[in-house]
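Engineer: I'd like to ask some things about the structure below.
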């Protein structure tokens, strides 16, 4: 019996693993093609008046056709979140320097998946009053005319 060749298999396995991770990331963060990153941020995270998480996140899940594990809603208008982009730059979780922290505690709701398969996703709500961090980028065509617009909710502080 010939010895197994070690040259190609580890490389092939690594490539398959990387492809799998890339596909998983695309599915998790996929934004609709007809939306800018800022518009998708607004759809997912801006909710001036609190609503029940089960129905609110259901509207987001329709775009991705899967149950989102966790979603946070900021209870303030988009214009207020965009003003957060004018605070000093700080490092994001991914080490990029385009994050900004809200001026103070803000009302928000976190919805965490507890059970279900799409489209019957069920969420547990947690209401908080705490600062948040957003990643901001220059606006794209179709975005409001702010110097920077929020494109990613980086974390709740």
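Any Cβ shown, glycine's included, is placed from N, Cα and C.
The following feature annotations were taken from Swiss-Prot:
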type	residues	note
ACT_SITE	45	active site, proton acceptor
ACT_SITE	152	active site, proton donor
BINDING	68, 69, 70, 71, 72, 93	substrate binding site
DISULFID	53-96	disulfide bond
DISULFID	67-121	disulfide bond
DISULFID	85-136	disulfide bond
DISULFID	92-99	disulfide bond
SIGNAL	1-30	signal peptide
Engineer: Filter the recorded positions 45, 67, 70 down to those whose C-alpha lies within 10 angstroms of the C-alpha of residue 92 (disulfide bond); answer none if the list is empty.
Structural biologist: none
Engineer: May I ask which of the recorded positions 45, 67, 93, 99, 152 is closest to residue 85 (disulfide bond) if we compare their C-alpha atoms?
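Structural biologist: The smallest Cα gap between residue 85 (disulfide bond) and any of the recorded positions is with 99.
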Engineer: Measuring Cα to Cα, how many angstrom lie between residue 72 (substrate binding site) and residue 136 (disulfide bond)?
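Structural biologist: Computed Cα spacing between residue 72 (substrate binding site) and residue 136 (disulfide bond) is 17 Å.
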Engineer: Quick check: of the recorded positions listed here (53, 93, 96, 136, 152), which one has the Cα closest to that of residue 67 (disulfide bond)?
Structural biologist: 53
Engineer: Of 45, 68, 71, 152, which recorded positions are close to residue 53 (disulfide bond), meaning a Cα within 10 Å of its Cα?
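Structural biologist: Among 45, 68, 71, 152, the ones whose Cα sits within 10 Å of that of residue 53 (disulfide bond) are 71.
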